[in-house]
Amino acid sequence: MDSEKHVLPAAEADEPKRNPSVPTYDSTGEVTGQWRSTEDFWTRNGLNLRSFERRPAGEAKMVELDKSMKTRHLHMIAIGGSIGAGFFVGSGSALARGGPATLLIDFIIMGIMIFNVVYALGELAVMYPISGGFYTYSTRFIDPSWGFAMGWNYVFQWAIVLPLELTVAGVTVGYWPKGADVSVGVWITVFYVFIILINIWGTLGYAEEEFWSSALKLSATVIFMIIALVLVLGGGPEGSMYDEYWGARLWYDPGAFNHGFKGFCSVFVTAAFAFSGTELVGLAAAETRNPLKSLPGAVKQVFWRITLFYVLGLFFVGLLVRYDNEDLLGGDGSNASPFVIVGANANLKGFDSFMNVVILVSVISIGVSGVYGGSRTLTALGEQGYAPKIFTYIDRSGRPLFSVATVLIFGALAYVNLDAEGPTVFDWLLALSGLAALFTWGSICLAHIRFRKAWAYQGHSLDEIPFKAVGGVYGSYMGLFIIFLVLIAQFYTAVSPIGTDVGTAEDFFKSYLALPVVILFWVAGFAWKRQGWLRTSQIDVDSGRRELDWEYINAQREQIKQWPAWRRIVHRLF
């Protein structure tokens, strides 16, 4: 695609001159000659009926999605996109099960894993600009049948997440007395309509919603950490729990660990799911005008999200909230959030409502992300012949219309929870996609390992890779190993949950039903395509590669070598 040929960062005054053979842009920032730039404002932004018409045929050889996402959007999606209820609420149940030390250690381990996963994804996405689905890297570098399984598994993951988040959003509003007076079904409808409206604006709607919701989530986390530091030092309001030096007393009483090894394994699994959605930055990169410039910077933001927000934020949570706090053990929704509990213990009036708003925004944000991630993957499946061709329908505003509509329809499953038996049915639906994120991350790591092996086998050098994963192939091996450990921990806690020696068959299958489902997809993919594990010699590393201006890249690399050490470090981290 012309719009995905090499597009390099704008040269600064002290940078080497670039190759002039690059795409040109009009005053709006669109690539001149790109099909979408010929549409009027209302059509381009999905605001009239004409925008729903199919894009004229013959203007692109491949499925070409909207390119309206900007670098600021991608960076914010990377640093705050997946921070949601798992962080703000799920961390409370994790603290109760494992204690503050376990909470901190497990999130650090999972942070190391996701750091390597995202860097491996960044390297592949910069090399191979694929619109709509990084599962295609599994198809290309591992096994086409496994890629088929990963694609459909990812679609179902997000399709089930959407009604879940709608339900949680309705429950979250119930934290306020007046909100609880209104039926949850009404709130589900309100948020359902909101998510549909966001998707009318297509990629730009998703990007702007994620930008501002991420900004709110990150701001709230920073505010919490500042307040938490003051409280730990004894600066709380007079008469509150924290009106004297608090320190790390809770690490001694009731203690740093809870439930021993079972607690550790249980929190390990929770920490893994708290990072779900981090990989969306790889999908979003395909809908930016300049992925080669914006994606590496966005990938680097993941390090700061893990370090500053997950690890540091939960460290303060472990310092300020007892793991045997009754609200953690028996609370529901926002009541069980350790962030809300800290505000209540500190007698900070209004802080609980502020955090409830943040939690509500986070939940809706993940729902919007579910529609985005599921629809783009479904479109890519259709393009590769793994789903009906109707899902390759791209309208004049660049939306994959039927893919978006299909995922949105799943949102109606939220109403099932209104029935007395609904939650039981819904729990089993969730079990279908329970391990989807782990399989996705593991596949990214394995695809990166196999890509590097095939790259070397065909005589290429690492210098030919424009953006390299910090940990290289060893980082991907580490990520794969940690994911394997999480699967073992999930198996162990499913067989022997906390509080009992042996769990029920129902509990086990609710935890592990996704595994036989993925295997079934794998077998179905093989039966359909008759393609199995790819040998190294069969892997194609050349077709579809991004065209690059190597004269400019090499000159830029030489210039970076001349920089002082501190500037090279800053460049590597940011």
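Using N, Cα and C of the backbone, Cβ positions are placed for all residues, glycine too.
Values in this document were obtained by computation on a predicted structure and should not be read as measured data.
According to TrEMBL, the compositional bias 'Polar residues' annotation covers 21-31. The domain 'Amino acid permease/ SLC12A' annotation in TrEMBL covers 73-533. Taken from TrEMBL, the feature region 'Disordered' applies to 1-31. Annotated transmembrane segment per TrEMBL: 74-95, 107-130, 151-176, 182-204, 216-236, 302-321, 354-374, 398-416, 428-449, 469-492, 512-528, in sequence order.
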Determine whether the transmembrane segment (512-528) and the transmembrane segment (74-95) share at least three Cβ pairs under 8 Å, counting only pairs 6 or more apart in sequence. no
Given the cut-off of 8 Å on Cβ pairs that are 6 or more apart in sequence, determine whether the transmembrane segment (302-321) and the transmembrane segment (469-492) share at least 3 such pairs. no
At least three Cβ pairs under 8 Å linking the transmembrane segment (428-449) and the transmembrane segment (216-236), pairs spaced 6 or more in sequence? no
Which sequence positions outside the transmembrane segment (354-374), separated from its termini by at least 6 residues, show Cβ-Cβ distances below 8 Å to it? 81-85, 87-89, 154-155, 157-159, 161-162, 165-166, 168-169, 172-173, 175-176, 191, 194-195, 198-199, 206, 209-210, 213-214, 216-217, 220, 224, 277, 280, 283-284, 333-334, 337, 339-340, 343, 403-404, 407-408, 411
Decide whether the stretches the transmembrane segment (398-416) and the transmembrane segment (151-176) have at least 3 CB pairs under 8 angstroms, with pairs required to be 6 or more apart in sequence. yes
